[in-house]
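Report on the structure given below.
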Amino acid sequence: FALAHMVNDFDILKSYMDEGANGIETDITFTSEGEPEKAFHGVPCDCKRWCRRQVGIDDYLRHLSDLTTPGNPKFRDNLVVVVLDLKLNGLSEEALRNGGLRLADKLAAHYWSGNRKARAYFIVSVPKTSESEFMKSFRKELDEINFGEMSAKIGFDFTDNGEFSGTQKVYETLGIDEHIWASDGITNCIPLLFRGISRLEDLIHQRDEPGYKYISKVYAWTYDKESSVTLALSLGVDGVMTNYADFVIGILNKPEHSSKYRLATYEDNPFEKFTA
């Protein structure tokens with residue numbers, strides 16, 4: 001997956017779709033009560049990016065629905081996965097609970113709406129395992145509003161770069177043992193040299209353990225240099241989050257990588273393990 005980073009308005013979304021990205025990451029902000037508000041990152045953000053792009057969440061979800069509904073004039077076949085990077089900083093337990101509930105409501109009302117034909121997969125990406133109440137509330141609300149079958153299109157991710165054994169225990173408490181993406185990364189402003197790759201290697205090794213259920217895919221973020229992308233591919237990542245989707249796709253298409261990998265399409269289930 002070539003995951004376009006920080007896709008927070010319609011113009012940049014179109015630009016990344018034209019580049020060929022098959023996934024996007026969108027930042028979702030919340031009010032202090034936990035109400036989903038808009039697609040917005042704000043400052044600081046990645047180097048060489050404009051941090052203040054924004055659009056209201058209802059309009060954004062409706063637009064995504066158009067882009068991912070076959071037969072719609074705006075349909076873009078290449079958009080498979082949407083990573084919702086949830087900005088939950090400082091929310092109380094009650095606000096986290098409300099946030100999960102309200103995000104489920106908004107997906108039902110503005111993305112799937114009446115016919116449920118919009119086909120993108122969503123990754124509900126929570127910053128910290130201590131904010132797991134959001135996931136619990138989100139899953140419960142989908143069932144209560146009779147959208148439980150859409151759970152087939154929902155995955156989960158914690159992005160705190162913590163020890164995954166602890167993350168697994170949180171998933172066990174939540175009753176989640178599938179549709180799990182794991183990630184490792186750092187802002188593009190800091191060289192990968194300072195971050196290192198040991199945790200990324202550990203996640204990939206854990207994913208590949210026979211019978212292991214708690215990691216379906218591993219992605220790295222935010223990789224904008226050829227050396228970093230090439231290293232990630234050599235390690236066996238399933239996705240690269242980047243500010244330059246066409247650049248990553250170009251590297252993927254080089255003979256040394258295309259013999260093993262190709263860009264994922266809608267026919268490739270993002271919750272199934274890939275076996276080379």
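Every residue, even glycine, has its Cβ placed from backbone N, Cα and C.
Swiss-Prot annotates GLU25, ASP27 as Mg(2+)-binding residues; of ASP85, ASP105, ASP143, ASP157, the candidate listed for that same site is ASP85. Sequence-distant neighbours of HIS5 (active site): residues of the same chain at least 6 apart with a C-beta under 8 Å from its C-beta are GLU25, ASP46, ARG49, TRP221, THR222, MET241, THR242, ASN243.
With ASP85 (Mg(2+) binding site) as the anchor, the candidate recorded positions are HIS41, CYS45, CYS47, CYS51, CYS189, and the one with the nearest CA is HIS41. Counting other C-beta atoms within 10 Å of each candidate's C-beta, the disulfide-bonded residues CYS45, CYS47, CYS189 are led by CYS45. Sequence-ordered, the extra residues of this chain that approach the Mg(2+) site, with Cβ no more than 8 Å from the Cβ center of GLU25, ASP27, ASP85, are HIS5, MET6, VAL7, ASN8, THR26, ILE28, HIS41, VAL83, LEU84, LEU86, SER125. Within 10 Å of the Cα of CYS51 (disulfide bond), the following recorded positions from the list ASP27, HIS41, CYS189 place their own Cα: HIS41.
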